[in-house]
Amino acid sequence: MARLMSSALIRGLVRSSCSPTVAAVAQPTIHQFRNYSSGLGGDSTATGDSSSTRVAADPDTHQDFQPTTKSSNMSFDDIVSQDIKENPVLIYMKGYPDAPRCGFSALAVRVLKQYDVPISARDILGDLKLKESVKAHTNWPTFPQIFIKGEFVGGSDIILDMHQKGQLKDVLGDIAQKREQNESS
């Protein structure tokens, strides 16, 4: 039985290493934020009560490789406000644009990518405090939540509806033009 399982495992590994490679295709710019999170409970450093974990007893650990903490005096509400203000197209979503973890988030990204605009995103699954701050900011219960030019637009259903009616092109038009101007400069 063990021999059978190991043979099957080896055959599977050999097959996967022989699979064809996929060519890279140019895609719109996507900014993926690092959450201020250390786990599901949220990040203690975002509220100012940070604690550092260091390996003091290990003389071989170089300072460059010792763990560090991100310290920030910003509240989650401040982070949400700053994200919205600084990013022309922002999605608070489950996962990231390159690896969405929900069908609705994937749909929103797919629609927005058609307009060749820079998309900024933040994964809300990594931090419940961030997720709750976004919900409180918009008074909207579901994700993804999409902001365009500092305005809350809605979720994937609203973006899809705007796309189908031609409204999204008008809203995103000047963002795409600014990107083209920056690339040609």
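Backbone N, Cα and C atoms are what each Cβ position is placed from, and that goes for glycine too.
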Listed alongside Lys94, Phe143, Ser156, Asp157 for glutathione in Swiss-Prot, from Lys129, Lys131, Lys169, is Lys131
For the domain 'Glutaredoxin' (77-179), report the average pLDDT of the model, please. 93
Its residues classified by DSSP, the domain 'Glutaredoxin' (77-179) shows 55 helix, 22 strand, 26 coil
